[in-house]
């Protein structure tokens, strides 16, 4: 061993590089521990195992069986350090002695210090113990204080959060309570204001009713003038002639021809006021009953240079009287519709003397092809021509319009009731009316494709189908009025085609029973709904609330809406209708609207025309709730609502004083007391329908004559308690009257005593009847050019 320690560096390096000490250590340790019977085979087997495992991972106990390995680590790394140790691995004897000395001294010092503390007690042990106890007590107090502080801090944080939450809740409750108080005060003030207004209206109503009853106590002349009957208060004298001339003209423009004649007989001042030429630009003879032919001739001769518009609708004059029209050289508009005495000879005289006519209405007259030949010869500037229900001219007569200079400026031609139409010679026609022409088919639209049509009106045609609208957006891009009534061949596909018309403003699909929610959805999704101002879906019974919801979203400019007999509409649809602030007219007749729906509809305070006819769920409460907020209401139709009583008449008289048209037909509970209140308050009433009001008597005739001076149309059918004599007196006051004293028919829903009949039987017949008398809402777009003369 000593010789190996003193070996050369080369040999020592060889031993270190080839792992000779580790190999020897592992083999020798294995032999010493294992003690095999055949050491050589054991060494051979271990050498092969060492070669297989490699020398880098060789440990001293590699050749020892795991069960024989030592469990306690030795102080020395190897057993052979002393034998084969290297300089950097071996511990020198000097270092070993020094280490043992240090270790022994450390043990002695440690054990001696411990023995010293135990064996030699200190003199101030009690003070030390007291000091330790003080430290322990202080530590324990600190620990307790820390624990308590942590608990207190957590409680304080939680209390603060709870306080903040409570304060926020209290503030929210305070704001809510304050809002409730403010809202309650506002409601109370609004209720008080409304109650004050109602009381004021009721007091005025009672005062006016007293004056009214005072009037009834005086003798009344039915033949008197149209001026008001004097009341107990003295009238203030006022001379109308001191007004500015423009104001006088505006006042007299509202008078009829009969009133003008009456004014001319008041005094010389009034006679002078009506001698202004501008008052005689338009003369309407259709409102006059039993006027002498001499008066007509005299008037036309006197104002022949001022007359621009003449209306003879329904007048029965002799031919020589109509010849006087030829003296009106500046005449521009002439209406002779329904004049059975108007012949081709009359037309010859007019055409020779009035070449400047622009608007000519010859509907329902006996003209023939001779008149059709005169039109292009003399009326070169004719723009609007109505030949509705003139059945004595032929297709050849219609072709005369292109003769000579022709009526090339014609833009409106009404051929309603004319079964054959040829318009290929009139390319400038923009409006076609084919009402009462059931033989027109889809091919007619192809013939009209060369015309720039703006308006189309069809009615009662079963041959028109969806095919006519297939290319309507390309053929008629500027069309704005479509009137397709009772065309049962139209389906949802037609609405899909119509949705592309950007200029459409009026759409009337009355009695198109195959139209449903799907078609309307396609229509409202298109650009056509943006400009739409009037929509009529009467008797389209397949429609539901979803269509109305979509309608309220896509039609911001809609003014007139007719949903009559759409039986699936409920109060939900009414809520969306009430949100359409552009509406001024709505027809909900025959729907399921109830009192709640009428209350919702009362939010819309701009409606002027409302129709809820045949709505069996409506009572006095619903009408009262609506009328109290509808001060602008002008037209109200509550016909066939048999539950209504005089209470609604009183409500209408108090709150709806501007009403001009009222329909209470089929309301058997209305009495003379209600009509007395109506006559005392509603002085602007023009149209009144009381058909089927079996409790009304002759007293209402006197009331209406006194209170409703402007009444023009009165319907009193099935009023058994009104005598023919009273009705005859009233006929001389109004322009149009319908009267009979028969018992109400079964489809009114009640008998002659007002007792209800079988609901199913009466309701079915009433619904059938309502389809026959569908009332078209007023619209400027649907008005004929010469309707203003009618």
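Keep in mind that glycine also has a Cβ here, set from the backbone N, Cα and C atoms.
The domain 'F-box' annotation in Swiss-Prot covers 237-283. DSSP labels the residues of the domain 'F-box' (237-283) in these numbers: 29 helix, 2 strand, 16 coil.
The feature repeat 'LRR 1' is assigned by Swiss-Prot to 503-525. Sequence-distant contacts of the repeat 'LRR 1' (503-525) (same chain, six or more residues past either end, CB-CB distance under 8 Å): 477-496, 531-544, 546-547, 550-551, 553-555, 562, 771, 774, 776, 779, 781-782.
Tertiary proximity for the repeat 'LRR 2' (531-552) is limited to same-chain residues at least six positions away from its ends with a CB under 8 Å from its CB atoms, namely 502-517, 520-521, 524, 558-570, 572-573, 576-577, 579-580, 587, 771, 774, 776-777, 779, 781-782. The repeat 'LRR 2' annotation in Swiss-Prot covers 531-552.
Sequence annotations record features per position, and here Swiss-Prot assigns repeat 'LRR 3' to 557-579. Counting only same-chain residues 6+ beyond the ends of the repeat 'LRR 3' (557-579), those with a CB under 8 A from a CB of the stretch are 510, 530-545, 548-549, 551, 585-594, 596-598, 600-601, 603-604, 611, 613, 767, 770-771, 774, 776-779.
Under DSSP, the residues of the repeat 'LRR 4' (582-602) split into helix, strand and coil as follows: 7 helix, 3 strand, 11 coil. Here Swiss-Prot flags 582-602 as repeat 'LRR 4'.
In terms of DSSP secondary structure, the repeat 'LRR 5' (606-628) contains 8 helix, 3 strand, 12 coil. Annotation comment: Swiss-Prot describes 606-628 as repeat 'LRR 5'.
Under DSSP, residues within the repeat 'LRR 6' (632-657) fall into helix, strand and coil as 10 helix, 3 strand, 13 coil. The repeat 'LRR 6' annotation in Swiss-Prot covers 632-657.
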Q: Sort the residues of the repeat 'LRR 2' (531-552) into helix, strand and coil with DSSP and give the three counts.
A: 8 helix, 4 strand, 10 coil
**Q.** Residues of the repeat 'LRR 1' (503-525) by DSSP state, where helix covers H, G and I
**A.** 9 helix, 4 strand, 10 coil
Q: Helix, strand, coil: count each for the residues of the repeat 'LRR 3' (557-579), based on DSSP.
A: 8 helix, 3 strand, 12 coil
